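S.K.: Before anything else, here's the structure in question.
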Amino acid sequence: MGGRKYFGTDGIRGRVGQGVISADFVLRLGNALGRVLVAQRGQDGRRPIVIIGKDTRISGYMFEAALEAGLVAAGADVQLLGPMPTPAVAFLTRTLGVDAGIVISASHNPHYDNGIKFFSAQGEKLDDATELALEAALDVPFTTAESEKLGKASRAREAVGRYIEFCKASVPRAFDLRGVRLVLDCAHGATYQIAPLLFRELGAEVIGIGAEPNGVNINAGVGSTHIDNLAAKVRETRADLGIAFDGDGDRVLMADDQGNPVDGDDLLYILARAWKDEGRLRGPVVGTLMSNYGVEKAFADLQIPFLRSNVGDRYVHQVLTEGGGVLGGEASGHLLCLDRATTGDGIVSALQVLVALRNNGQTLRQALKGLVRVPQKTVNVRLGNVSAKATVQAGSVQSALADAQHAVAGRGRAFLRPSGTEPVVRVTVEADDATLMQETLDRLSAAVREAAA
């Protein structure tokens, strides 16, 4: 991403009203994208079409209007989707024959943050050439096309139905959820309409929570970042299981019938084992540096190839693509089922897990009996003004890391992650014995603190 002035690896995100997360910048951003798309279309006579989806945070109205005005002024048509999960926008961009898609969301962040991300006509991240052209266009003054070349705006009326049918098509035609009582936590976010409707159409008895957005309650004590809320509701209602999404619907976590949390590592194990038995699994399964060592051991026992990427679903996607794999994810609930969706999709991933359970006649608890997780803990060591990278590379720290890795060899892992944005080193140790894990973590953390002193 070298040379980028405005964009990170996943669009822009931040506090509303500060920096680029402001109405005036987003107005210019819409105009810049419109001009780039008009230029790419050349002289074919058709105005480019851009779809815009958002989550439920109150600032979405402001940014939706700003993007719409900027795009229309540049000569692009706009179709407004309203509240829509991020993966749904990716799917609709790919299948509606439009030129680009935009999501207004800050995912699992609080309501006072927001962000903008883009999809190409293929429903994927913008290519480098388009992104660089967009950056350059932002440095050119706002442009308004001649009146006869201005764009139009409309609402996409059939978007919800299209996406629901896509989700249903990701499971076998005969699959249904009749007789299943489940709790759905929609984080007061983008899935609040679609998810309950879909699961009810499949026959489930749905108990909904986190499905009453008011603009400022997205992710507030609900959703996949507050799984205890879901777990308590499952126990209270004696449900068969619970499903929690995050604010923009690209993450999913679950709770079993006893209210025990089931995270992305657990779900990855369930899917990998089921898909191997079905002959659906191709290539390696991909987790991240933070995937529990118990998952790695379980996959080794099942003779399932397992690779680790850096933390972040985009890195999981990259390693999967390079290795020809179809299944990956991280503990936070970003799951990639690339034979069903091109991006992480919480609803589609949840459906794949439910199909696996139904095919094997198992509950969530039963499906996890072969997975023995090991104690894992991460400590953030703050360094003051010292470079995190330099601290990790210090000889004393490297020696302490080697000692830690030797101490847990064959029983766990020890590793360091310097933050790229703040003076922090993240120290992680896991081992099959909690005392060994804690003692090793204490020694390694102390070495990092001493090196930074």
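Cβ coordinates are placed from backbone N, Cα and C, and glycine is handled just like the others.
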S.K.: Which single residue out of SER107, SER120, SER387, SER396 does Swiss-Prot record at the Mg(2+) site shared with ASP246, ASP248, ASP250?
M.R.: SER107
S.K.: Can you tell me the CA-to-CA distance separating ASP248 (Mg(2+) binding site) and SER107 (active site, phosphoserine intermediate), as a whole number of Å?
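M.R.: Counting only the Cα atoms, the answer is 5 Å.
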S.K.: Report, as a single number, how many Cβ atoms besides its own are within 10 Å of the Cβ of ASP248 (Mg(2+) binding site).
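M.R.: Cβ-Cβ neighbours of ASP248 (Mg(2+) binding site) within 10 Å number 34.
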S.K.: Sorry to bug you, but what's the C-alpha spacing from SER107 (active site, phosphoserine intermediate) to ASP250 (Mg(2+) binding site), rounded to the closest Å?
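M.R.: Cα to Cα, ASP250 (Mg(2+) binding site) and SER107 (active site, phosphoserine intermediate) are separated by 8 Å.
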S.K.: With a radius of 8 angstroms around the mean position of the C-beta atoms of SER107, ASP246, ASP248, ASP250, what other residues of the same chain does the Mg(2+) site pick up?
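M.R.: Close Cβ neighbours, site residues excluded: ASP55, PRO85, THR86, SER105, HIS108, GLY189, ALA190, PHE245, GLY247, GLY249, ARG251, GLY346.
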S.K.: So, in DSSP terms, is ASP250 (Mg(2+) binding site) helix, strand, or coil?
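M.R.: In three-state terms, ASP250 (Mg(2+) binding site) counts as coil.
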S.K.: If you count the C-beta atoms lying within 10 Å of each candidate's C-beta, which of the recorded positions SER107, ASP250 ends up with the smallest number?
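M.R.: Looking at the recorded positions SER107, ASP250, the Cβ with the fewest others within 10 Å is that of SER107.
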